[in-house]
Amino acid sequence: MDSPCQPQALNQALPQLPGSVSESLEPSRARMGVESYLPCPLLPSYHRSGASGEASAGNGTPRTTATATTTTASPLREGFGGQDGGELWPLQSEGAAALVTKECQRLAAQGARPEAPKRKWAKDGGDAPSPSKRPWARQENQEAKGESGVGCDSGGGSSNSTTHSSGEASSRLREEAQPSAPERLALDYIVPCMRYYGICVKDNFLGAVLGGRVLAEVEALKWGGRLRDGQLVSQRAIPPRSIRGDQIAWVEGHEPGCRSIGALMAHVDAVIRHCAGRLGNYVINGRTKAMVACYPGNGLGYVRHVDNPHGDGRCITCIYYLNQNWDVKVHGGLLQIFPEGRPVVANIEPLFDRLLIFWSDRRNPHEVKPAYATRYAITVWYFDAKERAAARDKYQLASGQKGVQVPVSQPATPT
C-alpha cells in the first residue's frame with residue numbers, strides 16, 4: 001500500500017453506467033476536446049427545440065429528437081441541441097468540461113451559449129460581497145473635498161504636501177483592496193463551477209514557462225527510476241495492473257530537482273485557500289503530497305473508480321496535466337467523469353498546463369481510457385478536517401498513512 005490517498009476502484013454497490021461509445025467524431029465535428037459521448041437518455045427538460053422543431057445532424061439534414069428506448073442510444077453529434085437545432089443547456093450529454101471552460105474560443109465560435117454559473121450578491125443569499133465603496137474610493141472623496149479649499153488657504157506649500165501624502169495613501173489602499181489573481185480565479189470561476197457542475201477545468205494555469213519546468217522535473221523523475229507501479233488500497237484477487245496501469249511517485253516539492261513541482265503546489269494551494277469556506281461545509285486544513293503519475297503508453301489506463309468512496313477525508317481532487325501536443329484520437333488517455341445522477345459524461349483531454357478540479361467522493365466516478373503515448377499528470381487531494389479526523393478514529397490509520405497529510409502552504413510574507 002503506497003498511501004491512504006490511493007483511489008480505490010468502485011465496488012459493485014455503485015451503479016455501473018453504460019460503457020462509452022467507441023466511435024470517434026470526425027475532425028470537423030470535434031469540439032472542446034469531446035471525442036466521444038456516453039450513450040445515455042436525453043432529458044426533455046434540458047433541451048429546447050429550435051424554431052423548426054427538429055434537430056439537425058450537422059450537415060443540414062433534419063432528424064427527429066433521439067429518445068431513449070433502451071439503455072444505449074446513438075452518440076450525439078454536432079448540431080444537436082445548441083448549434084442549428086436548438087439551445088444546449090448546461091450539462092446536456094456533451095461533457096461538463098465543454099461547458100465550464102469559459103476561456104475556450106472554440107465553444108463561442110461554434111455558437112453554443114451555455115448558461116454560465118454566476119455569483120449571487122450576499123443580500124440574495126450568495127457569497128459575493130454587497131457593492132460598496134472601497135477604502136480607496138472613500139479616501140479619494142476626502143481628498144477631493146480637501147482640494148476644494150486649497151485656494152483659500154494661505155499655506156499653499158503645506159497643502160500640496162498633504163495632498164501628495166494623501167495620494168500615496170490612496171494608491172496604497174487601492175492596491176490592498178484589489179483581489180489577487182488566485183482570489184479572482186477562485187471566487188469568480190472555480191467556486192461557481194464547483195457549485196454548479198462539481199467539475200472545473202482551467203487551461204493555461206501556470207503558463208508555458210513554469211509548466212515546461214514542471215514537465216522537465218517530472219520527466220527527470222521518470223528517467224531517474226523514481227516512479228513505482230501504482231497500488232490499490234484494498235487487497236484484491238484481481239492483478240493491480242488490470243485495474244490501474246500508472247507509475248507514481250509521491251513528492252512534497254522541496255526535494256532536489258522538484259522545486260518547480262513545489263511552485264505548482266503553491267499555486268494550487270493559493271487557489272484552494274481562497275475557495276475555503278465557500279464550498280459547502282468543508283473545512284480544508286491540509287492536503288496530500290503531490291502524486292506524480294505516468295502512464296507509459298502501452299495501452300493501459302485506470303478502470304472506473306471513486307477516489308474517496310468510504311469517507312477517508314479527501315474532498316477535492318486537483319489534477320494538473322503535462323502533455324504537450326496531445327491528440328486523444330491518436331494517443332488515447334482521455335479522462336471521463338460520470339457525475340452521479342446525471343445522464344452526462346465529462347470528457348477531459350489531458351492537455352498541457354490544464355488544471356482539473358472535482359469532488360473526490362461518490363459524486364464523480366471517473367476512469368482513464370487506455371493511453372498509447374507517455375501521459376503525465378500530477379494529482380493532489382485536499383482534506384476536510386472533520387471527515388479526516390473521523391477516518392483516523394474509525395480506521396486507526398497506520399503511521400505511514402498518518403504521515404501523508406501536509407499543511408496547505410501559506411503565501412510568502414512580503415519583505
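Just so you know, glycine gets a Cβ as well, placed from its N, Cα and C.
Around Asp307 (Fe cation binding site), taking its Cβ as the centre, 23 other Cβ atoms fall within 10 Å, counting all chains. Residues or ranges marked as Fe cation binding site in Swiss-Prot (evidence: similarity to another entry): His305, Asp307, His366.
Sequence-distant contacts (6 or more apart, same chain, Cβ under 8 Å) of Arg375 (2-oxoglutarate binding site) comprise Cys294, Tyr295, Gly297, Asn323, Trp326, His331, Gly333, Pro350. Here Swiss-Prot flags Arg375 as 2-oxoglutarate binding site, drawing on sequence analysis.
The compositional bias 'Low complexity' annotation in Swiss-Prot covers 1-18 (among others).
Look at Swiss-Prot and you will find 49-73 (among others) tagged as compositional bias 'Low complexity'.
Per Swiss-Prot, compositional bias 'Basic and acidic residues' is recorded for 115-126.
For 148-158, the entry in Swiss-Prot reads compositional bias 'Gly residues'.
For 159-170 (among others), the entry in Swiss-Prot reads compositional bias 'Low complexity'.
Per Swiss-Prot, phosphoserine is recorded for Ser130.
Taken from Swiss-Prot, the feature region 'Beta(2)beta(3) 'finger-like' loop' applies to 233-243.
Annotation comment: Swiss-Prot describes 89-134 as motif 'Bipartite nuclear localization signal'.
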* To do: Based on Cβ atoms within 10 Å, give me the single least packed residue among the binding-site residues His305, His366.
  => His305
* Structure fact -> Mapped onto three states, the DSSP assignment of Asp307 (Fe cation binding site) reads coil
